[in-house]
Amino acid sequence: MVHLTDAEKSAVSCLWAKVNPDEVGGEALGRLLVVYPWTQRYFDSFGDLSSASAIMGNPKVKAHGKKVITAFNEGLKNLDNLKGTFASLSELHCDKLHVDPENFRLLGNAIVIVLGHHLGKDFTPAAQAAFQKVVAGVATALAHKYH
């Protein structure tokens, strides 16, 4: 559960409406793979991840990034029940994929960076603070199965 003020909820909702999931998801996942190269081990089937330009232009990275942002969007619709919303994804990433749960926090931070880039001056410090709360809540929910 994420506790947002009414102003934070409004900021998140208004700004999220401006987001293009095709762009933001792939860019955020791409940044994760470039900035934290050890995360690439979970994406062996994605082909060429040999350089930043290869990663950022990789269609499989973009497609999976869109899936990530689509799931994130579901979380935004269910801020009062993030653990329930992400229960099956938490189980998948824990039991089958064996993803280090710290990577969820890193990806959340990458999403915030990309949102700042795409939203420009509209992404105020207050808006960033609200989104940081959201991505922290999502990361905690995704890591729930690990506890």
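Cβ coordinates come from backbone N, Cα and C, glycine included.
Checking S13, S53 against Swiss-Prot for the annotation phosphoserine singles out S53. Looking up K60, K77, K96, K121 in Swiss-Prot, the residue bearing an annotation of N6-succinyllysine is K60.
With respect to their backbone Cα atoms, K18 (N6-succinyllysine) and T124 (phosphothreonine) stand 14 Å from each other. Neighbour density for S51 (phosphoserine): within 10 A of its CB lie 10 other CB atoms from the protein chains shown. Within the same chain, residues at least 6 positions away in sequence whose Cβ sits under 8 Å from that of T124 (phosphothreonine) are A11. K60 (N6-succinyllysine) has its Cα within 10 Å of the Cα of these modified residues: S45, taken from V2, Y42, S45, S51, S53, R105.
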